[in-house]
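Here's the structure we're looking at; comments come further down.
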Amino acid sequence: MSSADLPVVPSVPGSVVAIAREQDREVRWLDQAAFVFPDDPGHELDYFEWDRTFGVRADDGELVGVNSTYSLRVVLPTGELGTGTVSRPMAGLSWVSVHPGYRRRGVLSAMMRHHLHEVHARGEEALSGLHASEASIYPRFGYGLATVGYAVSLGRGLTLRDAPAAPDDEGLRVRFATADVEAHGALVADLYTRSCARRPGMVDRTAALNRGRFRQTPRELEKEEPLRILVADREGRPTGYALVQRDMKWTDHAPDGTTRVLELAATDVVTERRLWQAVADFDLTSATIAYRVATDHPLLAWLPDARTIKPTRTDELFLRVVDLDRALTSRGYAIDVDVVLAVTDGLCPWNAGTWRLVGAADGATCERTNDAPDLTLDVRELGAALPGGASLAAAGAAGLVQEHTPGALARLSTAMRSAIEPATTYGF
Ligand SMILES: CC(=O)SCCNC(=O)CCNC(=O)[C@H](O)C(C)(C)COP(=O)(O)OP(=O)(O)OC[C@H]1O[C@@H](n2cnc3c(N)ncnc32)[C@H](O)[C@@H]1OP(=O)(O)O
């Protein structure tokens, strides 16, 4: 039986089917109905991978559920003491929508089971990742919260603490332009990918999604500023960029605009510092807001009083181990570890059971074993810990990991940690 033929749970009013590009109007209608937003004919789904788009059709043929998967990459820690990074394939689940008239009848559950079996059958990605609209939806399907971020609000103009290892660079120029996919698409794709390598948890995107970053429909352009870009370069060699949009308003006859930082990527810390100073210093603005800022981002260390930017914690990447052995061997470990794990997995039975993980800085092996387990835990905890932020020791302190061999939990927890906190600055 192929994964596409998997039976759906009995209560579901229909079955999981492939969705073709020609059915995009139905997909859009369903998405608008589920996510509550108006139709915008200019918004084309040209970044969809239609061979990875599935839905549930009710017995009368109506499309009552849809989801689409992107072929993404996620950055994981590796190397001695968790100081390196490695980029691995990740199935990025998105556009999950269920018809409001068919809620809570198992449509999502059927689609999730299909998605996980499909990714397993393809064998290309050992991981599935997503951003959740509501944080309580996906843990039941084995997803763990792997990265968190801060939403921040900066005042006009930044006074930053001196950073001897990130001095001002007179040779670094920052230029302002209207962002244009023809002029800047390749530059953004290249710099974004290079910036991803600087931090675990980062998600790299397809060429189509990179182009989508520049998309503004005619209807959107009637209401908002065209997307602008700041490009930093040294002697013509680009080292970073920021995509921004400003909203202008006047309060009591005084300018009171806001700059939104949609994406800021840099290949070195000097460029990063200069770009943050630039985005926070547009004329006629009084605030700059940014989302998905790493919880140990340099900004927090540079600002004399980080309290002023009102960091608000947001959940970002939920990660699901689809193939346990390939997932755990796709990264290196900060310290040597040799541990037997008893893993529970309600949806992917090929993961459940007892595994011996032997990890070192440059790689790992993970094989089935009959040895007695050192730790018992759910697959969800492993997904959360994989990019090196969520601490397994903390999960243990919360009663989510059972330790049978004293010291095994602390050792694995330390081995999985990254030297810096993971973050996911791109939402998909
Ligand atoms: C990756 C992404 O795209 S995130 C976007 C998700 N989509 C949205 O938020 C759009 C609006 N909402 C919807 O389309 C739907 O309500 C969905 C997709 C959230 C849920 O679809 P449904 O078909 O109703 O879910 P289903 O019936 O399979 O429910 C499975 C379980 O999840 C629970 N659940 C479903 N939605 C939610 C929710 N929003 N919050 C908490 N629990 C939920 C159900 O109660 C059920 O629990 P049970 O097994 O204990 O009974």
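Glycine is no exception: its Cβ is also placed from the backbone N, Cα and C atoms.
Automatic, uncurated: that is what TrEMBL annotation is.
If you look up TrEMBL, you'll see 15-167 marked as domain 'N-acetyltransferase'.
In the three-state DSSP classification, ARG105 (acetyl-CoA binding site) falls within coil. According to TrEMBL, the acetyl-CoA binding site annotation covers VAL96, SER97, VAL98, ARG104, ARG105, GLY106, VAL107, LEU108, SER109, SER133, GLU134.
According to TrEMBL, the active site, proton donor annotation covers TYR138. For TYR138 (active site, proton donor), the same-chain residues that are 6 or more apart in sequence and have a Cβ closer than 8 Å to its Cβ are LEU130, ALA132, PHE318, ARG320.
According to TrEMBL, the feature active site, proton acceptor maps to PHE428. Long-range C-beta contacts of PHE428 (active site, proton acceptor), restricted to its own chain and to partners at least six residues apart, with a cutoff below 8 Å, comprise TYR70, LEU72, GLY92, SER94, HIS131, VAL203, ARG205, LEU209.
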Sequence-ordered recorded positions from VAL107, GLU134, TYR138, PHE428 with Cβ under 6 Å of an atom of ligand 1
VAL107, GLU134
For the binding-site residues VAL96, VAL98, VAL107, GLU134, the largest set of other C-beta atoms within 10 Å encircles the C-beta of VAL107
The number of other Cβ atoms within 10 Å of the Cβ of SER109 (acetyl-CoA binding site), counted over all protein chains shown, is 18
Compute the average pLDDT of the predicted model within the domain 'N-acetyltransferase' (15-167).
96
So if I draw a 10 Å sphere around the Cβ of ARG105 (acetyl-CoA binding site), how many other Cβ atoms end up inside it?
20
